Amino acid sequence: MFKMFLFSLKNLFSKPATLPEGTEKPKQYRGLIKYYEETCIYCKKCEMVCPPGAIIFTYPEDGSKRLIFHYNPYLCIYCGECVRACPKPGTLVQVEDTAPPATAQDKPNDLWFEVEKEAVESKKIWQEARRKKRNK
Amino acid sequence: MGKKFVVPFGSQHIAIPEPIRFIFTTENEIIKSVSVDFGYVHRGIEKACMTRYKYTQVPYVVARVCGLCAVSQATAYCMAIESLMDIEIPERAKYLRIIVHEMDRIHSHLFAIAHLSEAAGYENLFMRVMRDREFVMECLEILTGNRIQADYSTIGGVNRDLTKEVYEILKPRLDELERRLYELKEIFERDYTLQKKWKGIGVITLEMAQKYNAVGPVARASGLATDCRVEFEYLPYKELDYKMVLYQEGDVWARNMVRLDETLVSIRVLKNAIDNLPEGDIKVKVKGNPKGEALIRWEAPRGELLYYVKGNGKSVLERLRIKTPTFSVIPVMKELYYNQPYAFVPDITISFDPCLSCSAR
Amino acid sequence: MKNFEEIQVSLSELREAIKRFYKPEEWHFITINGTDVGDGIEIKYFFAAYGKSKKVKAFSLKIDYNQTIPSIRDIIPSAWIAEEELKDLLGVNVEGTKGGIFLEPDSPQAPLRKEVKNG
Amino acid sequence: MLTKFLDFFGWARANSPWMVHYCSGCCSLEILALMGPRFDWERYGFMPVPSPRQADFIVITGLISRKVLPVLLMTYDQMPKPRYVFAIGSCAFDGGPYYDSTSVVTNVPEILPPDVFVAGCPPTPEAILEGLLEMKKIIREKREARAEREGTWKEILKQELEKNPLLSQQPFFVGG
């Protein structure tokens, strides 16, 4: 007990252990996923491997091959599996930032549920459009 | 013969970190019967791994079984699949797995010690242990990229390499941590309050530990020599001067001291591993699908972890069974409460370091 | 590659076999595992030897979906927890279990059965 | 004059928000790290309290399983107004990796909408602290908690109690 008391006294005069506000993060942190469309080949491998389903591709109405990438930073578990699965290095990059805290105004979940629905519906329209194109 | 009282403990309670529910029937403050309910965090991980996730995705899912032993879960699963598919991983990957796994053990044990001292009413000591724990948390973050969910092991190796810069950061921090831990050990051995509070409370005898199949630090505090790191040779612990810690008392104090001594052993192993890291690849490519069955017994921070995998040649496993350490100590925990005063319940419960979100899966 | 020893027993000899085999000083009872194999449930009782012997033994038996298996909690007192789990997650009838530890009454029962779909 | 006086209450509340420690998933470890000296949330006035009766906000740490949902709602029910909800981790958002599991509640944001949500698996203590400071602003401005306005938690709690009447017979339960 006496020993602990001495330690406490020592702590009174030593530097605080608390990190001050705005301390920089270590460089190696696994954070958000960044997507660069230029090199993407739309293989949808990242959508398939993502454990929580935070990556969804929706389909354009005109039936072109360029799919639209959606990523939900609030659902992502930052495992980095999509980056490793990607056959074109540089399309998906894991950066060090984290998602900002979401408040009631942002309503991220409502928007995301719409995207999930849209992905299913737009696929039908897209397939229809593809079929028409092929028949022409 | 006193009046009987029914006292519920949990499922939301400040003294226990996770949802578990005991209903004690007490008579003159002495517990006469216990009923336990623990499946509050059941989320169907086994089912999800057997229906939806491919076997290569599973390490990232099973890591979320538990926060404190996330590395052990993923590593144990990877080793089970590797022994099923006869994959030999590179020597460097083995050493890296040991490094991360031992870091995980250190932070888990320090967390348990801190929590136990807080339950003893020693807020000062809690702060001190949490301060020391941040050393290893920072090391984990620098090495793996996340403080808790390391996602480090993958089938066939590990995901990140230990570079020269990381080594430069790790080495002084570990030295500093070791010095501080020796100071801490002195406090725990000598402190008057803690001796009064912990010695002779909640004693598990060797016979009891054997009868109820206790695992991990709980068993080793009672003198039952069971440690999967010694019994099996999946990873080269022998080369790294690993020794089992054994205490004979079996009380709350002994369980705490086993954890503290194990962190010191872990630091020694860790330092040896970092210094003698062999060169080479960190990953081998894996092809094909698992077929057949295999199991692995692995020493997580809380004790023996069992992974049983059964594949049928498809990319999704047929069966994945996880037996977590806390699942095994709940029977002995329940038995221990009989004829103890109710006032000892928080100390006894936390000295087991229960992790219920593990055991419910 | 199978890395444990397996002993096939029938339902009637299960209790007798475990009683003869199990000694608390030598063997560590790990857990009971059930697997739905399509036409029944395969149940395995895992034991590991203390010390440096690296041995894991399993007693295995196969039962139909509605068969009742005997309880072993008078031989191994810590087996109750694994038996409750078998009852809850796989719907196996084990003598003396009450169920309801893992699941709510309104969620699908026996989720680890093959016919129960996720989601 | 009166409005100024009422402002004082908001200021006082915002400077000492107390939390009821409700752990259900692995993210709660980072809350404990916040309590430690390295991140030290007490410099902003945050503090864990043992009883929901004294708490200003509840933290949902990670996933909510079906069995634990009535416990969460009852804990929330026992808190005095104004009460706020703070959620961390992907599992609290949409079930995370367990989104199609039958025993995990995936629509927590509908039942008990959080006022502030911090993403991550688990989020770092710095990120949680950032979110907590965000919530401080909400308390300061005395905005109504989102759960009171649009959540369906009252009906769900009623249903759960009808299903399992034993819950309401707990010694410390006071219905609301």
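Along the chain as shown, the residues are counted starting at 1.
Each Cβ is built from the backbone N, Cα and C atoms, and glycine gets one as well.
Under the DSSP three-state reduction, B:Glu46 (Mg(2+) binding site) is assigned to helix. Cβ environment of B:Glu46 (Mg(2+) binding site): B:Leu320, B:Arg321, B:Ile322, B:Arg361 lie under 8 Å away, each six or more residues apart in the same chain. What TrEMBL lists as Mg(2+) binding site is B:Glu46, B:Ile322.
Per TrEMBL, the feature Ni(2+) binding site maps to B:Cys66, B:Cys69, B:Cys355. In the three-state DSSP reading, B:Cys69 (Ni(2+) binding site) counts as coil.
With a cut-off of 8 Å between CB atoms and residues at least 6 apart in sequence, the same chain places B:Val65, B:Cys66, B:Cys69, B:Arg302, B:Thr324, B:Pro325, B:Thr326, B:Phe327 near B:Cys358 (Fe cation binding site), listed in sequence order. The Fe cation binding site annotation in TrEMBL covers B:Cys69, B:Cys358.
The domain 'NADH-quinone oxidoreductase subunit D' annotation in TrEMBL covers B:123-285 (among others).
Mean predicted confidence for the domain 'NADH-quinone oxidoreductase subunit D' (B:289-359): the pLDDT average there is 83. If you look up TrEMBL, you'll see B:289-359 (among others) marked as domain 'NADH-quinone oxidoreductase subunit D'.
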In three-state DSSP terms, the structure that B:Cys358 (Fe cation binding site) belongs to: helix
Proximal to chain D - binding-site residues among B:Glu46, B:Cys66, B:Cys69, B:Ile322, B:Cys355, B:Cys358, CB under 8 Å: B:Cys66
Fewest other Cβ within 10 angstroms of its own Cβ, chosen from the binding-site residues B:Cys66, B:Cys355: B:Cys355
DSSP state at B:Ile322 (Mg(2+) binding site), helix/strand/coil: strand
Candidate with sparsest Cβ neighbourhood (10 Å radius) among B:Cys69, B:Ile322, the listed binding-site residues: B:Ile322
Cross-chain proximity of binding-site residues to C (CB under 8 Å), evaluated over B:Cys66, B:Cys69, B:Ile322, B:Cys355, B:Cys358: none
